[in-house]
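Participant: Here it is, the structure in full.
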Amino acid sequence: MTETTTRPQQRTSAVDVAAATALVVFWSSGFIGARLGTQYAPADTLLSWRYLIAAAILVPVVAPRLVRLARRDLGRHAVVGLLAQTLYLGGVVTGIGLGVPAGTTALIAALQPLVVATAARRLLGEAVSGRARLGLWLGLAGVGIVIADDIGAGGSALTYLLPVGGMLALSAGTVLEQRWRPSGGLAASLTVHVAIAAVAFTAETVAFGRFTVPETSGFWWSVAWVLVLSTAGGYGAYLLVLRRGGATRVSSLLYLTPPTTAVWAWAMFGEDIGVATVVGFAVCAVAVWLVLGRRASVAP
């Protein structure tokens, strides 16, 4: 009896470990793909072709569901997509293209759940605890340590506003999604987001004369990277972990992406990992524990 019950548990545990590992690796691959792609083309060119191809795949499949949605829900999906896809990735990928290290960008993006947790409590009229406020300020301090070190090494302070702005846009989109809860399901939501981003980035690249594809295979390799690894792999692993382990487990795993991205960028592009970077990562880890740790401890 014991043997029969143990084996399924072992198999389940192995699947959970594999899904968790896939989520961290595939999610980190998005920042690496941005670093790779912006070597061959501007950020908006890379994003334009990424979203055009994704839209060409998704829209024909999901269109029958979209036509049944109320206009209000379509509009809300579009607003959330503009914030959570277009402005978020526009800021993140452009920042990386202008020299912000991939690991630092991942660290900035990882603050999003802290911002959302604090903002959501405010909007819902809940009191924000002193522990949560301390965690948010500590998280900002951790990011500040890393950014200050990067700027001291010759980086431009203004370029760091791009991933910070992108993270805030993603936070706003997440809060609005939670508040509005538009109907249609995940497939409809993702399709509208992708279509909005495709239109926005294509309009931008055409307007500024950057729509032309670079004459190098490296560009298409980068597009394939972000489509297969980051979009399909990242979101697929995200959904799998969400269904098997819940939102708290997803959040905790996403905080492993900054060090993973930093090591990956060091191995692939030679980006430095200094003492300040390690200290900043550690400070942010404590901040995450302060804001989300209590809820994680009581999660089923």
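One is the number of the first residue shown, and numbering goes on along the chain from there.
Glycine is no exception: its Cβ is also placed from the backbone N, Cα and C atoms.
Curation plays no part in TrEMBL annotations; they are all automatic predictions.
Found this in TrEMBL, in case it helps:
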- 12-36: transmembrane segment (TRANSMEM)
- 20-147: domain 'EamA' (DOMAIN)
- 48-67: transmembrane segment (TRANSMEM)
- 79-100: transmembrane segment (TRANSMEM)
- 160-176: transmembrane segment (TRANSMEM)
- 164-292: domain 'EamA' (DOMAIN)
- 188-213: transmembrane segment (TRANSMEM)
- 219-241: transmembrane segment (TRANSMEM)
- 253-269: transmembrane segment (TRANSMEM)
- 275-292: transmembrane segment (TRANSMEM)
Participant: What average pLDDT is reported by the model for the domain 'EamA' (164-292)?
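Facilitator: Averaged over the domain 'EamA' (164-292), the predicted model reaches a pLDDT of 86.
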Participant: Which listed stretch (48-67, 188-213, 219-241, 275-292) has the most C-beta pairs under 8 A with the transmembrane segment (12-36)?
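Facilitator: Out of the listed stretches, 219-241 contacts the transmembrane segment (12-36) most.
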Participant: Please figure out which one of 48-67, 79-100, 219-241, 253-269 racks up the most CB pairs under 8 Å against the transmembrane segment (160-176).
Facilitator: 79-100
Participant: Could you give the residue numbers and ranges of same-chain residues that sit at least 6 residues beyond the transmembrane segment (219-241) on either side and whose C-beta is under 8 angstroms from one of its C-beta atoms?
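Facilitator: Beyond its ends, the transmembrane segment (219-241) has Cβ neighbours at 16, 19-20, 22-23, 26-27, 29-30, 32-34, 36-37, 39-41, 46, 49-50, 53-54, 186, 190, 213, 249-250, 253.
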Participant: Give me the DSSP three-state residue breakdown of the domain 'EamA' (20-147), ordered helix, strand, coil.
Facilitator: 107 helix, 0 strand, 21 coil
Participant: For the transmembrane segment (253-269), name the stretch out of 48-67, 79-100, 188-213, 275-292 with the most CB-CB pairs under 8 Å.
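Facilitator: The stretch I would name here is 275-292.
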